[in-house]
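Enquirer: What TrEMBL records for this protein is below:
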type	residues	note
COILED	249-310	coiled coil
TRANSMEM	6-28	transmembrane segment
TRANSMEM	40-60	transmembrane segment
TRANSMEM	90-111	transmembrane segment
TRANSMEM	123-148	transmembrane segment
TRANSMEM	207-240	transmembrane segment
TRANSMEM	332-355	transmembrane segment
TRANSMEM	375-402	transmembrane segment
TRANSMEM	422-447	transmembrane segment
TRANSMEM	475-499	transmembrane segment
Amino acid sequence: MGDFNLALVIVAIVVCVLVFIFNLYLLVNYQHPDDKNQAYFPKFVVVLGLSVAAISILMLPADVANRQACQHAIYNGACNLTLPMKDLWLAIYIVDAILVFFVIPFAMFYYEGDQDKTVGKRIKSALIWVIATAIICGLVLGILYGVIGKVDFTVRHLSSSTMSFPTTFQLSSGQPCIGNGARQCSAFTASASSETTWTMRSTFPEYVVALATIVGSVLFSIFGGVGIACLPLGLIFSFIRRPKAVITRSQYIKEATELGKKAKELKKAADALHQEERSGSKGRKWRKNRKALEKELLHLEEDVKALEEMYPQGEKAETTWAMTVLGYLAKLILGVFGLIVSIAWIAHIIIYLLIDPPLSPFLNEVFIKLDDIWGLLGTAAFAFFCFYLLLAVIAGAMMLGLRLVFITIHPMKWGGTLMNSFLFNVALILLCSISVIQFCSTAFAYYAQATAAQEIFGHTLQSLRGIKYLYKYNIFQIAFVVLAGLTFVYYAAFVSFTFPSFSSFLKGHENAA
């Protein structure tokens with residue numbers, strides 16, 4: 001098998017195949033009926049993007065396993081017979097950047113193009129936008145790499161006199177160095193002038209990964225900080241605000257009539273927007289009205305779902321109501337478990353990253369002890385915490401996207417997700433996955449030490465000129481913890497993030513009854 005470890009290669013291939021099959025399953029079940037048997041290129045990009053995101057998250061525990069593959073070897077050079085993780089890291093993140101900044105925008109421009117135009121014109125229009133984006137990104141990357149694409153390492157020059165090696169000696173905390181009466185080594189007694197900066201130019205792929213990480217880190221700090229709190233609390237408050245009884249038929253008819261009137265009004269608004277689009281008047285006002293319509297449609301769907309939950313119909317109405325009750329119980333259990341994980345994450349960030357020196361390795365020690373129980377148990381727990389952080393980012397993006405005017409809503413719905421929404425969410429996941437890996441490699445530096453990810457994200461990235469100060473002063477970690485704290489406070493003060501809608505009215509009406 002050449003220079004690779006056979007077992008790791010087999011596991012990596014099997015995992016990649018399973019990830020691809022699972023993402024294909026998600027695409028088939030989430031896609032909108034209007035996209036069936038068409039839009040094949042956007043679908044390919046969706047499956048590829050989701051696979052790259054999942055594999056990138058799994059690569060960090062794989063990197064740890066790759067490091068451990070040779071630690072118990074009985075012959076020299078065993079560590080040369082493992083996976084080339086550094087090359088794999090750079091390759092998958094270059095693919096990540098190409099997908100986020102070029103391929104996905106092209107697919108979105110093509111998919112959202114005017115359906116009345118020919119395929120050639122839609123491709124031409126999408127290529128113009130993508131080429132313009134590529135030129136701008138290329139110029140920015142080239143200028144930044146040429147001017148400040150260097151790595152500054154702080155080093156200390158040490159020197160000492162020579163002496164004969166003693167025949168007997170004992171080293172202790174009182175005498176850590178060899179020598180007559182030596183109490184401190186040269187590293188402790190060296191003057192500040194012995195420090196100097198060693199500068200070298202980083203490779204261009206590493207620099208691309210670094211800049212993509214910065215962009216993703218900004219989004220990660222915002223979405224992840226909000227999501228780490230709203231993900232478990234949203235599930236818990238969903239249970240608290242659940243429908244506690246079935247409404248009467250007269251109540252159902254009354255509320256269904258109101259929702260029907262609202263649906264007709266929204267259809268008229270949608271037809272008017274479509275007419276404006278056909279006439280070519282797609283200005284700022286049109287885009288604003290479209291976003292407002294998307295919000296109203298989403299709220300209408302939530303109201304219809306809430307009404308259906310409170311008045312199940314059909315021959316198996318009792319079974320449907322029982323499944324609804326069990327579903328809310330499952331949300332409560334998952335919410336409590338997620339709350340424990342979120343608190344553990346925030347505590348770990350404060351204890352291990354923000355306090356210098358760290359009070360304790362905390363979760364790092366937990367993973368090591370789990371590995372002592374069973375070889376892959378700690379690695380599995382490590383992978384779970386990384387995945388949970390990515391889920392928190394997605395939850396935070398969906399939560400803020402529903403409430404901020406300047407963020408386009410692209411909700412994911414089972415059996416009702418259009419390809420542009422798929423592509424938008426895949427781009428968000430890909431962009432944030434880089435930052436999640438960087439964040440995890442820093443937060444679990446003790447457990448993931450001596451890995452290729454540590455070399456890229458723990459040393460090179462944090463020493464890049466102009467970027468290192470963001471990591472030196474823990475800007476992203478502080479923003480993450482602050483936003484998480486504010487979200488917890490907001491939930492405590494205002495119960496939950498909800499819009500006044502028909503669903504809240506229905507539940508309040510049912511409770512009063």
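Positions of Cβ are set from backbone N, Cα and C atoms, glycine also.
Curation does not apply to TrEMBL; its annotations are automatic.
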Enquirer: Near the transmembrane segment (123-148), which same-chain residues lie under 8 Å Cβ to Cβ, leaving out any that are not at least 6 residues past its ends?
Expert: 101-102, 105-107, 109-110, 113, 117, 204, 207-208, 211, 464-466
Enquirer: When you scan the chain for residues with a C-beta under 8 Å from the transmembrane segment (6-28), skipping those not six or more beyond its ends, what do you find?
Expert: 43, 46-47, 50-51, 54-55, 58, 62, 65-66, 69, 82-83, 422
Enquirer: Of the listed stretches 40-60, 90-111, 207-240, 332-355, 422-447, which one has the most C-beta pairs under 8 A with the transmembrane segment (375-402)?
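Expert: Selected stretch: 207-240, with the most Cβ pairs under 8 Å.
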Enquirer: Please work out which recorded stretch in 90-111, 207-240, 332-355, 422-447 has the most C-beta pairs separated by under 8 angstroms from the transmembrane segment (40-60)?
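Expert: It is 422-447 that shares the most Cβ pairs under 8 Å with the transmembrane segment (40-60).
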Enquirer: Going along the chain, which residues at least six beyond the ends of the transmembrane segment (422-447) come within the CB cut-off of under 8 Å?
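Expert: For the transmembrane segment (422-447), the far contacts come to 27, 30-31, 42, 45-46, 49-50, 52-53, 56-57, 59-60, 64, 93, 96, 99-100, 104-105, 107-108, 111, 209, 212-213, 215-217, 219-220, 223-224, 348-349, 352-353, 361, 363-365, 367-368, 378, 382, 385-386, 389-390, 393-394, 397, 408, 410, 412, 453-454, 457-458, 461, 471, 476-477.
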